[in-house]
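Data block below; observations after.
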Amino acid sequence: MATENGAVELGTQSLSTDHPPTDAAGDGSPASEKEPSLPDTEKDLGPTNTKKDPGAPDPKKNPDPPSLKKTPEAPGPEKKGDSAPASASNQGPSGEGDGGGGPAEGGTGPPAVLPQPTATADASIQKLDATQAPSGNQESGEAKAGKKAAECREAGRRGSPAFLHSPSCPAIISCSEKTLAMKPLSETTELIFAGVSETPDPQDPGPAKDEGGTNTLADGKEEAEAGQAEQAKVQGDTSQRIGFQAVPSERAEVGQALCLTAKEEDCFQILDDCPPPPAPFPHRIVELRTGNVSSEFSMNSKEALGGGKFGAVCTCTERSTGLKLAAKVIKKQTPKDKEMVLLEIEVMNQLNHRNLIQLYSAIETSHEIILFMEYIEGGELFERIVDEDYQLTEVDTMVFVRQICDGILFMHKMRVLHLDLKPENILCVNTTGHLVKIIDFGLARRYNPNEKLKVNFGTPEFLSPEVVNYDQISDKTDMWSLGVITYMLLSGLSPFLGDDDTETLNNVLSANWYFDEETFEAVSDEAKDFVSNLITKDQSARMSAEQCLAHPWLNNLAEKAKRCNRRLKSQILLKKYLMKRRWKKNFIAVSAANRFKKISSSGALMALGV
């Protein structure tokens, strides 16, 4: 051990083996016969004094003075008071050299050899000063022994730090590991290693052999730097040779995931363009039957979902299964009302598609007919997109329109025309996604291309010119309505809406519409081309549902979603449109009530016998 206690122990050993010096006449035995060689404690433990003696001989010029060579014929006065090797640097790894790196002849045992790769020039020169004492030294044996013990103690105290600077010392390696372990958490990464391979220990470069017998200051620095570089190289190489799987800690992983999620949301919103889920029940063929509604279903009339001139829609629950459904209650006022319901049931029995609402059951009572259908909780499409928390972009419109086209294509393949496509009849599957379904087949008709079909009903804003003129209709009639819906989703404006129904119908007949420059400024040319090929007076010039799905605007949604991160102005204008529509309905109701009140107060009804 390179400790102070070890140095003192070696010094004590030297005292026990030292013999009194010879007299002035030179009588004495040769050093190789009578006096055992002492271990070079100064060489092993470090320099004894840091002060440089200017009178010391130059070791480079005379590395091994003749007076220091140990020969059997050398008289006692010519050798120094304590036998020691001439130079510390003459000892190689194998103990070769003039002074001898191994134990001296007649020694008590092999002394401990401590490496000293970082000896400085001052230490080497001072070592020569301490060992090359002149032959004329007249100090007594006791004085030399005390001086030797003091030098050994001081060498032990100064030799230990020099030993710790060795790059191959376990103490310095442990110190380096502690330094790495004490680094702040911000500079290190907490890792869990799986399958770490063993790393070979760094090899000791060993003490360097100096040709001149001593190390200069520059040589000492270069040697120390080389040893430290070798140490760093070994530590650096071990990290490259280790094959491991780094797993960040839970906190770092969560933080990184949150950062990635925040960056993604800043770039674009993830759109769900998957098909909507099917109905919670398989498609079935429904027939109108009589029965007791209250025994099979629990009606919740307070939870109204909508209504119209045919009746109201509320939620209900099937008692036997607990399935939540939507119940459409239709009043039977005339025989024609029942015929319309039977036609609606016939149409819905043929529509088994994810984007089309499904029929579950139909029950007739004495005063009404109730259709039990799939419950869709998301609400109307327009009610959803006017929400302040919803960010509407052109890509959102693409996703909505594509699903509507899918539903229309299936209907047309089944020879069914909806004839009442409008925003109120497009429902969202939920309140957060982009999945929609088409509802309300009360005005739907079976279509035969070989037969003429005319209708005179619908919502004025979405009616096609052929319906207004009471001309023959076709599957292209629904495509006109799709063009109007798309126009409104992109701009928030109704292209044909007038101050009243008459003005609206006149705008439809003349196909008087245009792209508002300010509103459509951020809309792509592909979207405008899509709308222009639908809102055209000539039926044969309109795109079919299949052609719409093949249009460039409804394709490559993934690439367009990356480029489109704007919020369309239509979201703001649609809100104004809905407010105006509600105000108009309320105004009509109030006006009708006021007219009825005036007629009643004037006595006109009494004159008519009412």
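Each residue, glycine too, has its Cβ placed from N, Cα and C.
Features reported for this protein in Swiss-Prot:
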- D420: active site, proton acceptor (ACT_SITE)
- 32-63: compositional bias 'Basic and acidic residues' (COMPBIAS)
- 70-82: compositional bias 'Basic and acidic residues' (COMPBIAS)
- 94-109: compositional bias 'Gly residues' (COMPBIAS)
- 141-157: compositional bias 'Basic and acidic residues' (COMPBIAS)
- 299-554: domain 'Protein kinase' (DOMAIN)
- A2: N-acetylalanine (MOD_RES)
- S160: phosphoserine (MOD_RES)
- S166: phosphoserine (MOD_RES)
- S168: phosphoserine (MOD_RES)
- T459: phosphothreonine (MOD_RES)
- 1-168: region 'Disordered' (REGION)
- 196-240: region 'Disordered' (REGION)
- 588-600: region 'Calmodulin-binding' (REGION)
In angstrom units, rounded to an integer, how far apart are the Cα atoms of D420 (active site, proton acceptor) and the residue listed as 'phosphothreonine'?
7
Drop a 10 Å sphere on every Cβ of the recorded positions D420, T459 and tell me which sphere holds the fewest other Cβ atoms.
T459
Within the predicted model, mean pLDDT of the region 'Calmodulin-binding' (588-600)
51
